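**Q** I am attaching a structure below and will ask some questions about it afterwards.
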Amino acid sequence: MSFGPFLLLALMEGMVTSAVLALAAVGLSLVFGIMRVVNVAHGEFFMLGAVSAWFVSQWVPGPPAVAFVAALILCPLFVAAIAALADMVVLKRLNYQPEATIVATIGLLYILQQAALSFYGPDARPVPAPFNFRVQLPWFGYSGYKIAVVAASALVLLGVWRLLAKSRVGLIMRATQYDRETARAFGINVDRVYAGVFALGGGLAALAAVLIVPIQQAHYLMGTDPLLLSFIVVIIGGLGSLRGTVIAALLIGLSDGVISTFFAPTLAKIVATLLVALVLVFRPQGLFGRRAL
Amino acid sequence: MTVATRIWAVHLAVLALLLAGGFLLPAYHQTNVAKVMVLATYAMGYNIAFGYTGLLSLGHALFFGAGLYGAGMLVQHAGVGAGPAALAGIVAGGLAAAVVGLLALRTQGVAFMIVTLMFAQAGYLTILYNTAWTRGDEGIVIAREARVLMGFDLSADLPRYFVGLGLFAAGLVLKLWLVRSPTGRVMVALRENEERSRMLGYDPYARKLAALVISGLYAGAAGAAYGLLFGYVGASLASTQYSILPLLWVLLGGAGTVLGPLVGALLMFYLIDYSSAFTTASLLVVGAALVLLVLFAPKGILGTLRDRWLKWLP
Amino acid sequence: MAAVTLLEARGLTRHFGGLKAVDGVDFDLAEGEIHALIGPNGAGKTTFVSLLCGRVPVQAGTIRFAGADITRLPAHKRVGRGIAYTFQITQIFANLTVFDNVALAVQRRGGPLDADTRAALERVGLADRADQIAGTLSYGHQRVLEIAMGLALKPRLLILDEPTQGLANAEIDTFKALVRQVVPETTVLLIEHNMDVVMDLAERITVLNFGEVLATGTPAAIRANPAVQAAYLGG
């Protein structure tokens with residue numbers, strides 16, 4: 001294969017990464033933007049989504065598509081419930097004090113990892129894709145499912161944007177983000193908003209994982225990379241900015257696709273990690289957004 | 001008995017107990033306690049940054065790893081003796097802390113946590129990447145012949161225990177002296193109220209950098225000792241988990257107490273050791289301990305003791 | 001009095017967005033005087049002294065202190081040159097002992113730590129509370145501690161931001177005696193709302209309004225100044 005098509009393939013792979021990354025990162029960004037909580041366990045919500053999708057694929061009989069649709073609905077809900085529980089039992093009691101919540105979510109990370117290890121085991125397991133067809137391009141064939149992932153992710157992002165910008169729920173969220181005490185004074189149940197936002201963040205991560213799990217197998221340690229990449233995306237995009245997050249996800253996903261194709265993935269990760277640290281040091285408002293941390 | 005005498009008496013008594021342990025403990029526990037003393041030294045360093053100066057770093061594994069690999073690779077690839085290698089490890093830890101600090105200390109709070117986390121992650125990935133030197137995930141096993149310090153075989157139980165104790169004792173005495181000195185008072189002042197400290201004429205950036213470098217020297221020393229005493233230099237010891245563990249030990253024992261890191265490391269080590277007899281869920285123990293501590297005992301064991309009864313405890 | 005100028009500000013400016021908090025202020029402090037800074041709420045008093053002590057960076061203008069340009073000097077170095085600032089909202093180290101609070105100031109300038117700290121506490125009447133945790137002091141004592149920390153630095157210029165706020169009358173008298181004691185070795189600049197304290201202590205007064213100097217002069221001259229009266233009474 002010559003360079004041109006090779007690059008195209010790399011870009012298409014990058015789009016898939018971008019799409020999934022955008023979903024996960026928007027979840028992280030929402031949680032930080034509205035609750036001011038840096039959720040270190042976000043990657044584990046992603047992992048739980050994938051692992052629970054495997055369980056659903058085992059339990060639901062019939063063709064893979066049925067099980068997959070069931071997973072697409074059930075797993076995000078399941079993870080959202082766990083997230084809401086974590087918010088009510090732990091984070092709320094810490095009064096969302098930033099440093100304490102980070103330590104607590106680190107604890108949560110280990111608990112969830114252990115839970116997955118104990119109930120799911122140390123193996124990586126595949127989940128069958130709902131459909132298998134290849135789109136034949138002049139130079140190579142490409143998985144139709146991967147294209148569907150990009151489309152689905154774009155749809156969900158559009159939904160999230162509508163929810164935030166156009167709906168009453170979004171208005172309440174933004175009011176709470178703006179000023180928690182005033183929101184409370186106006187009769188907004190802040191506790192419920194927070195639990196809801198944390199659940200939404202976890203649910204989005206889980207949804208991203210369900211979409212990716214037919215491509216990448218489910219494993220109890222699979223949460224680390226999405227966490228790191230989400231952090232990178234959110235910091236570069238400017239925390240709390242939906243548009244910035246999506247742009248940054250595209251940027252990171254595409255460059256990750258291209259760099260990993262041509263260079264060692266570890267080297268790409270080293271560069272990306274250092275880059276994000278330096279962005280935080282020298283441009284804390286992110287490359288596209290306003291100051292957040 | 002004046003307060004100062006009482007303070008020194010308590011800490012020297014702890015050292016005396018550990019010394020006695022070298023002769024009385026059965027071999028299995030001797031190895032464990034030797035490991036705990038090395039890790040507690042690491043945690044004491046972490047405590048200087050976090051407990052005393054208020055710098056919540058999530059990247060200390062980089063400093064520990066710098067000491068570990070700094071010493072280990074010199075021994076392994078350059079045939080350097082254990083003594084000079086250990087010194088190099090200490091310097092490596094301090095240097096790593098200085099470089100990270102110069103950049104990361106431009107940020108505060110949550111951003112500081114993330115920046116340190118990212119730097120440490122980059123360091124960890126670098127170790128994985130340079131497999132030719134580090135042997136990546138697998139790590140380096142340092143040959144027994146190379147682990148000799150002043151004629152003592154560091155792989156033997158007794159010398160290992162006493163070298164660990166020596167390291168810990170030096171760290172403890174230095175730390176006790178530091179935190180009771182005017183410099184230590186400024187560190188605490190920075191933790192309590194940075195703006196006020198600045199308006200008393202202290203440069204927060206320079207003071208925090210100094211504290212972080214001291215902390216890095218401790219971490220480097222502990223890392224070097226770990227590699228030389230236990231003969232293994234592996235990437236897992238420089239992973240994020242090794243940034244979280246000292247935080248956990250310090251939180252458990254009591255942030256901002258001199259003996260807290262030892263108490264925390266000892267308890268956590270034996271908790272995991274004991275629980276591994278009937279469950280493999282060691283991650284759960286770590287995770288649950290973190291959550292429970294921030295929820296119910298943010299001051300840790302010695303911190304709570306100090307609040308209630310032992311007001312003089314440094 | 002052919003006073004020596006200790007501090008000299010020229011064209012000092014600091015805007016926050018559209019708000020002209022401090023706008024082209026010229027200001028002189030004579031060595032050894034007690035100078036009061038007054039003005040309505042939001043006149044820019046705290047911002048102005050924050051520029052002097054370096055807590056807020058200067059946008060335009062210059063500050064000279066004891067003959068040297070300190071406009072770009074960071075706050076902690078200005079403290080080293082002899083400018084001490086006590087906060088409007090009490091900013092003591094609440095979890096440390098009273099002794100440690102003052103010792104932090106004493107050790108910055110060197111000297112026998114224990115003796116000097118005790119002496120500084122003695123001077124403000126907090127000696128018998130040296131081992132108490134500062135946060136458990138009464139509000140009045142916390143204000144006194146705040147001032148004691150400023151004094152313990154043995155500054156050439158002591159800037160007091162609303163020192164008598166919330167103090168009882170007896171405590172205000174003690175405070176006034178304390179300030180009179182430190183001049184002329186220390187020059188005092190104080191922001192104050194309590195006009196009795198201002199008229200009683202200050203040798204000169206500067207009035208700020210909307211970030212600009214409205215008037216400077218002796219208490220009598222200020223009292224008689226129609227522009228000041230308008231700003232305060234007629235608004």
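Going from the start of the chain as shown, residues are counted 1 onward.
For all residues, glycine too, the Cβ spot is worked out from N, Cα and C.
From TrEMBL, here are the annotated features:
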TRANSMEM  B:6-28  transmembrane segment
TRANSMEM  B:49-70  transmembrane segment
TRANSMEM  B:82-103  transmembrane segment
TRANSMEM  B:110-129  transmembrane segment
TRANSMEM  B:158-178  transmembrane segment
TRANSMEM  B:209-235  transmembrane segment
TRANSMEM  B:247-271  transmembrane segment
TRANSMEM  B:283-305  transmembrane segment
**Q** Give residue numbers and ranges for long-range contacts of the transmembrane segment (B:247-271): same chain, 6 or more residues beyond its ends, CB-CB under 8 A.
**A** 10-11, 14, 32-33, 35-37, 39-40, 43-44, 46-47, 50-52, 56, 58, 168, 172, 175-176, 179, 188, 191, 285-286, 289-290, 293-294, 298-306, 313-314
**Q** Please work out which recorded stretch in B:49-70, B:82-103, B:209-235, B:283-305 has the most C-beta pairs separated by under 8 angstroms from the transmembrane segment (B:110-129)?
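**A** Ranking B:49-70, B:82-103, B:209-235, B:283-305 by Cβ pairs under 8 Å to the transmembrane segment (B:110-129) puts B:49-70 first.
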**Q** Contact between the transmembrane segment (B:209-235) and the transmembrane segment (B:49-70) is defined here as three or more C-beta pairs under 8 Å separated by at least 6 residues; is that satisfied?
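**A** Judged by the Cβ rule, the two regions touch, with the required three close pairs present.
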**Q** With Cβ-Cβ distances below 8 Å as the criterion, list the same-chain residues six or more beyond the ends of the transmembrane segment (B:283-305) that contact it, or say none.
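**A** Sequence-remote neighbours of the transmembrane segment (B:283-305) are 244-245, 248, 250-257, 259-260, 263-264, 267-268, 271-272, 275, 313.
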